[in-house]
Structures are given as structure tokens and as C-alpha cells.
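**Student:** Okay, handing you the structure first.
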Amino acid sequence: MSLGMILRRGVIAAGAFLLAAPALAQRAPEPIRIGAVLSVTGPASFLGDPEDKTLRLYVNRINQAGGVNGRPLQLIIYDDAGDANRARTFATRLVEDDRVVAMVGGTTTGTTLAMRPVFEDARIPFISLAGGIEIIDPVQPFTFKTPHTDRMACEKIFADIRARGLTRVGMISGTDGFGQSMRGQCVRVAGAAGITIVAEESYGPRDSDMTPQLTRLRNAQGIEAVVNPGFGQGPAIVTRGYHQLGIRLPLYQSHGVASREFINLATPAAAEGVRLPAAALLIAEQLPTSDPQHQVVLDYKAAFEREFNQPVSTFGGHAYDGLMILVEAMRRANSTDGTRLRDAIRATRGFVGTGGIVNMSATDHMGLDLSAFRMVEIRNGDWALLGN
Amino acid sequence: MNARWATLLILAAVIAVIPWFFPSGYYFRVAALVWVTALGAVGLQVLMGQAGQVSLGHAGFVGIGAYAMALGPKYLGLPVLACLPLGAVLAGLIAFLVGRPILRLKGHYLAVATLGFGILVALVLVSEIAITGGPDGIRIPRPEIFGWRPRGGEAWYWINGAALLIGVWLALNIQHSPSGRALAALHDSEVAARTIGIDVARHKLRAFVIAAVYGAVAGGLMAMMNGFVTPDAAGFLQSVEYVTMVVIGGLASVPGAVVGAAALVLLPQALTVFHEYEHAVLGLLIMLFMIFLRVGIVPGLATLLRRRPA
Amino acid sequence: MPELLQFLVSGLTIGAVYALVALGFTLIHNASDVVNFAQGEFVMLGGMVTVFATAAGIPLPLAALLAIAVAVLVGLALHRLAIEPARGASAVTLIIITIGASIFLRGVAQIVFDKRFHQLPGFSGNDPIMVLGAAILPQSFWVLGGALIVFCGLFLFLERTLMGKAVLATAANRLAARLVGVDTSFVLALSFGLSAAIGALAGILITPITLTSFDVGTLLALKGFAAAMLGGMGSPLGAVVGGLVLGLLEALGAGYVSSAYKDAVAFLVILAVLFSMPQGLFGHRSVERV
């Protein structure tokens, strides 16, 4: 090919592009960019992986249905591997380089707190998927969260223990962020709930045997029930050890194990009789049709399990809630301006999500109350809803 | 002009010029991260490259420096900037105390002892929740320099860049001082060094303390830049990353540590295009670098260029 | 008393796994001076391949063999493609190559398998056996028995076979071994294959107790390395003792001292041992020649 030919072809191509560009711009509107920094790998991948899958799945579905306000969504996801410093860098990248209009993500409380100033400074709404109450208490102008707080989980568990006529509790907590944050909240609300914590043990996020700690708990004076704040595989190994040692005291897990995977990992025999507070998503099929969440949780469960061939977890549900709250707010505000979007998110009322009915306000950037939690018990390898 | 000044000049020129090509504030953030990580890596280079002593616990000192920025203001009421030298002194002191017994060990035994030290530091940071805030980390107040509050990537780009320049200058001076030559001698052979009258233990300990101070200053700057720190900063994986930086860049070369740090900070940013293949590609690149440039990037490229003058 | 027995069994079970990982470190180190930080990934491969193979309907013994075969292939490939081409590079360069390999293997595993945790049913069920008041999982006996067989088999191999003697000779002095006709390159490949097989076996045996995922290897490599150092690098007996002691320290630390600081207890003891015995429990004093 001669140089002249290449040049001519180049000019023709460029001309065609220039002619086509305005038409293209009209036909394909500018996408709305949404960011997510998730712990897809690393110690919190048990939470981050389903979040990542959920966001990708639902952004696709929304786009197939015509997008939001006539514009498609563009999702930009980065994996922080659970590292706060890395999360902070990716948050800056989303704001400064990718120019996202909002952020749904932040898998752990640690990464969320590290990223929060970036979004607050840029005045961009940030819907976190982490549990720690310090994310929204005190309220920050642009930061929201969808999961129930660990304080609520403690209150729910303690209320159930009291209802059984028990008061003296032992705790075995993971030393990861989730476990320690919830442990702190449980210690804090124990007094008000009429609970005495008589013994405490802990285990590392990667520990493979908790029988020494459980042996100590079993021998603790006057202990009546055991609570295990933690997520991932740790609680499954605790539950196995509990069964192995033949401890008969009631065992309470947290909302951090709320996936059928927990029953599989712990084995149904060991998990029998374990109770935990969980969102409605876990017991989707057992909800009465009159329950307002009935349809939402069934739809999400069906969509997720069909697409990924793995059991749903409430963590993916939190990502669903976050994305949908954002999308509804964008529709209501008919804008992607940070402050307007924030105001619209804050005005969310009666949103039915997988985690509960969300009513946000200027003083409540989570919008869930204790009724969002259901107490469930594991029976015959399945969840059973306890009469509330 | 000697090589030492040439290295400094090139580094200064790079720091001064590249901001012209930054399309957004994000690039300032990443570059600022490169400079501050490089500062920590340069310290480790003094210990590993110059004195020949392995440390798998370098991040422990980074963590001490970083947490000093949070705990100093909170418990001692100090201005956050005053905690930077405080953290450095503290890390140096701890290094001095633990260095004496630890540095009697050699090779892999030294590696496992320093590994143990780093794990102990991280364990304390995670476990003493009442003091350190535990695994979810702790906030660091924004510093004020004569009424100026550095915010955002650009301010920290220049602060960290200046700190790195000073750090590299000092490290090059150490390398070319009589003490540095003594270190080089004991790197080659401890027994030989001792025979010609070098106080081996003292020189090793000095290198260990220097590395700790570098680490603590880097940790302190990083903590201030982020306004937040978690125990991950002191974790085992971070220590391994620092070692990788020093070796990939070129164990014997101070600028090598800077290049190595740049590689390990920039690669994860660049590799996001591979999505889930990110980690596999990162591992593959580390292997390829080490197989084909086994003495490290900087010395390796220098040899290649000398062999084939362009 | 039942507590002590409970802690001891718990410590010995996990210690046996550390010992097997430490043994892998030792074998490769003796043949090449390389500290192979990808050793933990062999354990991961053992567990994950078995989980996915059994899920695909392959019977457990066959799945276990398959897992060991996969790990051995990966080990040989690691030697052939990454260690052999860098022959002559410094020890620290080779270590970084194995760290790269470890990141690479984890990265591939998270794509080939997934990022979730997986379990394997106990080979003889999950119902504990009561011994003197302590509840012991039958799988613990599998782990201890399997480890014992590996230790004895390795001992016989090293002491009684010509090839084993070649491995020992290479460990003692590579140049001298080559001079008397030992194919040291083959010995190195053999060491990688053997280490991979031992690691994979550890992964298969322990998964019913500890669960597995694509990233279990990192922590096991760290603990195995510490155990090998405690025992004295280069000594297979040291690796076994080091692993068992480390496991016991963790269990007794968690049982009698503090569960938050049980790793600290383990490392403080290691440091104390190294300060008084700088070559580990069974290491040889090396003399540096000038």
C-alpha cells in the first residue's frame, strides 16, 4: 500500500467519523458512571464477591430495560483486596479520573472509613455496604449505608436470649473488622439488654481450629449461651467445633453468616439449632405473600441463583439495595448532580429492599429499624423463621 | 559530576516535570503514593542491599510510624506534625532494642525473626482495640504547616516528593561513606569484614535502625496523606511487598528501590484492565522481571544499555 | 485433664500440617537453596482439586490422586519454567520468583475454581470419638496417620534408596555431588515434585477439618516457613518437630494464655529458641569460608 493510499483512506475514515459523530451522540446518550470499590479478593471476599456479582448483574438488567432517565449506566468496579490504603487510591481514581456521579461500595467498615473523606470532599453520594455504625453515626452529608448495623444484630440476639430466660453469655469473636466491631457493640448494649458477658474468646480470621477457645468457654462459670460475632468461614469452624465438643448451650451466630453456604460449610448436623438474626432474603420462600418484601426478595434470589449457580447471601442483597436506592433517587431527581442526588437519596421513603423497608432522613442515613431483622433457626439443614 | 548527583538530579527532574502530564488529580495521588512507598523501600535497601540483612518485618516499622500519627494527637495532645519525628524516634529506639538480639541471626533465621517481629506489631495493633481502634483502623487529624493545610493529592505529591529526595540523598551518602563501605564489606563476607577490624554488630544495628526510621517516616507521611490508617499497613503482606520492591528494582541500587516501588504501586493500577486476571498477571510479571533481569531492573537495564549502545 | 488432651490433639493435628509444609520447604531448600514461598499453594491445590473433583462425581480416592498429580505437575512446571531459567541467580532473586509464582497460582485458582470457601466431608464421618473425656474428630487420626506415613516413607527413601542418597548428597554439597556423578538438576526437579505431592496430601487431609479456598496457602506458607526455621533449615527431622511444636504452641497458647495473642506466644517462643540456638533445634552450624 502506498503512502498516498494510506493517507487517503485515513482522510475518508476521519471524514466519515466526523459526519457520524453527532448522529452517534444523539443515538447513544452519554452513560451515567457509577463507581464501586469492593473487597472482591482478600479476607473479606466472602462479602465482596457476591456484591461484585450483584452489581454487574443488575446494571446489565437495568441497561437492557432502557437505562435510567434515558441514559445507560456504566459500572466501574475496582478490587481493593480489603486494604484501606488501596481502597483510598481507587476512590480517588473514581472521583478524579473516572468522574463517577455516585459510589455504591465499600465492603468493610475499614475501607469505607478510609474512602469516606474522598467522596465527602468531592460532594458525591457514597452508599456503603459495610456494617459499622460509625459510618453513619454521626451523619456525614454524603455518606449512606444499606446493611443493618451490628448494634441492631446484638440487640436482636440479646432480646432472643432474654426471651429464653437466659442472661449469662459467652462471646467468641473473629479478630477481623466485622467481628471486632460487632463485639464492641454487643459489649456496649449488653447492660441495657440485661445481659452479662461472663467470658470472651477470639480467633484469627484465618484460624483453622477453635476447639481450644471453645473448651475454655465451655468451662466458664455459669455460662448460659454463646454468641459468635464474625463472618466468612470462621463461624462455620466455630460451629463445627461446638458440635465436636458436644456443647449443649444455645449458639447464636451473627448476620455475617447469612447465606446457605454457612450451613453447607458448618455441616447441617453441627448447625442444627443455631440461631441468628437475618434479613428477609434468607427465608424468601417462607415469607407470607402478604409480606411487603415477599416479591422483592424472591425476584432477587431467583435472578442471582440462576445467573451464578450459587446460594444468595444477604451481602449481595445489600449491594442490590444500594444500587436500587441510587437508581430510584436518580429517577426522582432526574439529575446526576451530587447534591441533588444526595437530597433524593435522603428522601427515600418506603423503599422495599432485600434488607428491609428503608426510610431515610436527614438524621438517618440508613433508614432501617429492628423489624428489618428476623430471627431464624437452622433446622434440618434449612432456615426456619421463628415467631416474632 | 559523579553518579550520586546524577541520580538525585534525575529524580528531582522527574518529580518536577511529570505533573505537567497529569490529566487529573488521581495521578497526583498515585504518584504521591509512589514517592512515599519508595521512601520506605529506600530504607529497606540500606538494610538489605547495603548491609545484606533480610527483613520480613519492615512494615512493622511503617505501622509504628503510621500509628504514631493517630495516637500522639489522641493521647498526648501533640500536633500531628510533631508526631512524625516522634514516630521515627520511637521506631528507631525499638529497632535498636530488638535489633541487638535479632541481628545475631543470619539468613533465613533472620528472616523468620523479623517476620515474627512484624507479626507481633500487627497483632498488637489489631488486638488493643481500646487504644488503636482495632482492625477497622483509626482516623488521623489533618496536619497544619504554618497555617497551611495540605489537602488532596497535589499537596502530598510535593511533600512526599521532597521527602523522597532527602531520603535518597541520605541513602546515597550512607552508601558512599566509610560506614557504607564497611556495610558493603560485611555484605560480601561477615567473617572477612570482622578480620579487617570492622565492628560488624554495630554496623548491622545501625543499618537496621536507619531502615526502621525510614519506614516510620514513610508510614507517618502515608497515614497523614490518607487521614486514616488500618493495621494492614503493618501486615506481613506489606513487608513482603517492600522486599519485592527492593529486589525487583535492584538490590544493590538506591534508585532501584524507587523504581521497584513505582513498579509495585503502578502495576495494580494499570492491571485493573485485566479485571479478574489482575493477580495472575501481576504474579507472572514479577516472575518474568526476576528471570530476565535477575539483578533487578535498574542494574539490569544499565548492563543492557552498556552492552548495546543505542 | 480432658482439656489438656483436647488441646494436645488440636495442636498436633494442625501441627502435622505445618510439619508437612515445613518438610516441603526443607526438601526444596536442600536441593537448591530456594525458599519456596509457593509451598502453601500446593496445599491449596490439594484441597481445591479434591473438592471440585468430588463435586464432579469422581470418587474420593481417585479425586485425591488427581489432586496430587495436578500439584506435582504444577511443581515440576514451576521448577522447569521459573527456577531452572533463573539458574545462577542469587537466593533472594529466586525467593522473589517463588513469591511471584505464589501470587500467580492464587490468581489462576480464583478464576479456575472460585473465590468461595469449600468443605469436604470427613473421610470417616464427622462424629467425634471420645477419648479420656476429649472429643476427637476421626479426621484428626487421618491427618496424623497420613503425616506419619509421609515421614516414615521419606526417611526410608532418603536413607535406603540410591536416589534418596543422591538427594542427601546434593543437600550436603552440591558441587561434590555433581563430581561423583549425581544429576543435581534431576534431584532438584525431584524435590519440587516431591514437595508438591507432600503439600497436596496435607491439603487433602486437612480440608475436612479446616475448609479450603483459593487463598489458604499464604498463611500456611508463613507458618510452615516459621516451623522449618524453628526446627533448623535443612533438617527433615527439624521440620517435623518444628511443625508439631508450632501447632502445639498455638493450641496451648489459645487454651491457657490468651486467644488473641496465641500467634504472639508461638512467635515469642520461636524467637527465644533462635536466640539461644541460632541454627534452630536441629540445624547444623555452618562455617563461613573466606
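Backbone N, Cα and C atoms are what each Cβ position is placed from, and that goes for glycine too.
So TrEMBL says this about it:
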type: TRANSMEM; residues: B:26-47; note: transmembrane segment
type: TRANSMEM; residues: B:54-72; note: transmembrane segment
type: TRANSMEM; residues: B:78-98; note: transmembrane segment
type: TRANSMEM; residues: B:110-135; note: transmembrane segment
type: TRANSMEM; residues: B:155-172; note: transmembrane segment
type: TRANSMEM; residues: B:207-230; note: transmembrane segment
type: TRANSMEM; residues: B:242-267; note: transmembrane segment
type: TRANSMEM; residues: B:279-302; note: transmembrane segment
**Student:** Can you work out which residues elsewhere in the same chain, 6+ from the ends of the transmembrane segment (B:54-72), have a Cβ less than 8 Å from its Cβ atoms?
**Tutor:** 40, 43-44, 47-48, 78, 80, 82-84, 86-88, 90-91, 94-95, 107-108, 110-112, 114-122, 125, 131-133, 138-140, 208, 211-213, 215-220, 222-224, 229, 231, 233-236, 238-243
**Student:** Near the transmembrane segment (B:207-230), which residues from the same chain, at least 6 beyond its ends, have a CB less than 8 A from one of its CBs?
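**Tutor:** Cβ under 8 Å, 6 or more out: 32-33, 36-37, 39-40, 42-44, 46-47, 50-51, 53, 55, 58-70, 80, 83-84, 87-92, 94-96, 99, 102-103, 135-143, 156, 159-160, 163, 167, 171, 174, 183.
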**Student:** What residues in the same chain, six or more past the boundaries of the transmembrane segment (B:26-47), come closer than 8 Å to it by Cβ-Cβ distance?
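**Tutor:** Distant contacts of the transmembrane segment (B:26-47): 15, 18-19, 53, 55, 58, 62, 152-154, 156-157, 159-161, 163-164, 167-168, 171, 174-175, 183, 207-208, 210-215, 217-219, 221-222, 225, 242-243, 245-246, 249, 251, 253-254, 256-258, 260-262, 264-266, 269.
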**Student:** Between the stretches B:78-98, B:242-267, B:279-302, which wins on the count of C-beta pairs under 8 angstroms to the transmembrane segment (B:155-172)?
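**Tutor:** Checked against B:78-98, B:242-267, B:279-302; highest Cβ contact count belongs to B:242-267.
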**Student:** Report, as numbers and ranges, every residue of the chain located at least six residues beyond the transmembrane segment (B:279-302) whose Cβ falls under 8 Å of a Cβ in that stretch; write 'none' if there are none.
**Tutor:** 244, 247-253, 255-256, 259-260, 263, 267-268, 271
